[in-house]
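**Student:** Questions regarding the structure given below will be posed in turn.
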Amino acid sequence: MEPEVRVLRAAGGFSRARRLLAAASWLPCVALGLALGLEPLLTALPAHHCRPDPALLPPALRALSGPALLDASVPRLGPARARSSCLLLRYPEPAPRARPNGTRACTRGWHYALPAAGLLRSPVTQWNLVCENGWKVPLEQTSHLLGWLLGCVILGMGCDRFGRRVVFVTSLVLATGLGAGEALAASFTALLVLRLLHGGALAGASLALYVTRLELCDPPRRLTFSVGAGLFSVAGTLLLPGLALLAQDWRLLQGLSALATGLLLLFWGFPALFPESPCWLLATGQLAQARKILWHFAEASGVDPENSPEEESSLATELDVLSAGSPRPRHHWVLELWHTHTTWKNGLILGFSSLVGGGMRVSFFRRLVPHEPAFYGPYYLAASLEVAATVFLLLTVDRWGRRLVLLLGTLVMGLASLLILSGVLYLPAWTMLSLSVLGLLASQAVSTLSSLFAAEIFPTVTRGAGLGLVLGAGFLGQAAAPLADMHGRRGFFLLQMVFASFSILLLLCVLLLPESRGRGLPQSLQDADRLRRSPLLRGRPRQDHLPLLPPSRCWAQT
């Protein structure tokens, strides 16, 4: 058994103290879910039409009011004869009584059907982000997702260089300040920049929290504590519409979200609730800091750090053995993965899986959203499907294995997309709806499982950066939909075709992955490279597929 494994066992293993810390890390997910779920409310598009301008009407019609004035000013378009959102009727100039002979752009702004998503005032209504300015809404959505992407990559590397706790606390400080700044934004440009930076800060906090929680757990409980945290994130998302109804103003709602992030800093900013990961400290040779944390864990678990049973060494003895070599702290950069034999390939496959899962997720969601403004139905349906996907993973992943469930989710996701594309003109509406719901469920499961899988195959010394790259690929896939919306959804069908093709290619790539179920977390780059592909339907990896050394120096297999 590796010395680091013996150290952690001597500190009490996955004792009650560690279980409480891992469970306590679920609660911040509620506040982070509030911040992440805020985007659909801020960009919800209410029903709208141009405000009538009596000065543009013939003299005989200028005294009209109410519905009569609307009928004389706003054209009705399409088979449904709905009022135009962006046009006014044009009348010939000299005629006192004349019939309209065309249309023109709005001159006095718009009238909005409020509240929209529970808000009487939103960035869309404050800065009139409709019609010729409608492209600014997907621009803001893309900016926020780009912030999450950059935050995952940059702060993921920070997790490996400065530690999980430092990145978590720093990200919370930044997220609180930037969230408060958003509530005070004086222009759309300022809001755009602040949303970009705020997304990066939230990404850093979420990533550091995820990695620390994973490294606290032993192999049999990694799935429950890591994936189960998603249920708390959904809880925060479900609370948002109620908060919006109470606040009714987007600035106040944004301020409440920043306040929730600040409360996280007030409690989880203390080392007692969020200590540094002992796995990372041992892997990077920072034994002095690791000794303090492990000593506290041992005492909280009722284990005497100085003495132990005859068959096992004490924590003090094991730490002295590790310290005898006087190891110097050493940090690794994500580029070192390129020099590995298989780890970089596994990371590339899981990054591709996250990219496809994120892109397909927003594609299926767009299919569920009708063309007329709607919010609550798709919002709660997406949250419910996220809960269903989480429960499905909790029930199947430890039983069937990570790779088989990922393969199944990719297959369902690809088939649903291909059936929708091939039968868009022939299948009935209820069939298209069912396929969209099934595809959204599968894509959510693929995205969640890709994150867990990546965190388990990357070594401790580069886990933050590796997982950050995989998560960033998922946000890049999600950003494809608002980019297509900038061009009036004209590229939406092509986008679906591209991701459907990617999902078929992903089926072949998933077969090349190793199985990480029941294995300890790899510590070094060499440990991660020893993970080999095992038979797909075998219950546990065969002995010849296990690493020559214990797969992790962080937690022993139990």
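We count from 1, first residue shown onward.
Backbone N, Cα and C define each Cβ position, glycine as well.
Bear in mind that TrEMBL entries carry predicted annotations, made automatically and left uncurated.
Per TrEMBL, transmembrane segment is recorded for 20-38, 142-159, 166-186, 192-211, 223-246, 252-274, 347-365, 377-397, 404-427, 433-454, 461-481, 493-513. Annotation source TrEMBL lists domain 'Major facilitator superfamily (MFS) profile' at 59-517.
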**Student:** Cβ under 8 Å, sequence separation of at least 6 from the ends of the transmembrane segment (142-159): give me the contacting residues as numbers and ranges.
**Tutor:** 39, 166-167, 171, 192-193, 195-204, 207-208, 211, 333-334, 463-469, 471-472, 475-476, 478-479, 482-483, 486
**Student:** When you scan the chain for residues with a C-beta under 8 Å from the transmembrane segment (223-246), skipping those not six or more beyond its ends, what do you find?
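**Tutor:** That would be 22-23, 25-27, 29-34, 36-38, 41, 115, 117-119, 210, 213-214, 216-217, 253, 256, 376, 379-380, 383, 386-387, 390, 393-394, 397-398, 448, 452, 455.
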**Student:** Are there residues at least 6 beyond the ends of the transmembrane segment (20-38) whose Cβ is under 8 Å from a Cβ of it, and what are they?
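**Tutor:** Contacts of the transmembrane segment (20-38) (Cβ under 8 Å, skipping residues fewer than 6 from its ends): 175, 179, 198, 202, 205-206, 209, 212-213, 216-217, 221, 225, 228-230, 232-237, 239-240, 243, 253-254, 256-257, 260-261, 263-264, 268, 273-275.
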**Student:** Does the transmembrane segment (166-186) make contact with the transmembrane segment (252-274) through 3 or more Cβ pairs under 8 Å, each pair 6 or more apart in sequence?
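**Tutor:** Yes, the stretches contact each other.
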**Student:** Same chain, outside the transmembrane segment (192-211) by at least 6, Cβ under 8 Å from its Cβ: which residues?
**Tutor:** 25, 28-29, 32, 35-36, 139-140, 143-152, 154-156, 158-159, 164-165, 167-168, 170-172, 174-175, 178-179, 181-182, 185, 226, 229, 261, 264, 277, 451, 455, 463-464, 467-468, 471, 475
**Student:** Please figure out which one of 347-365, 377-397, 493-513 racks up the most CB pairs under 8 Å against the transmembrane segment (433-454).
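**Tutor:** Answer is 347-365, with the largest number of Cβ pairs below 8 Å.
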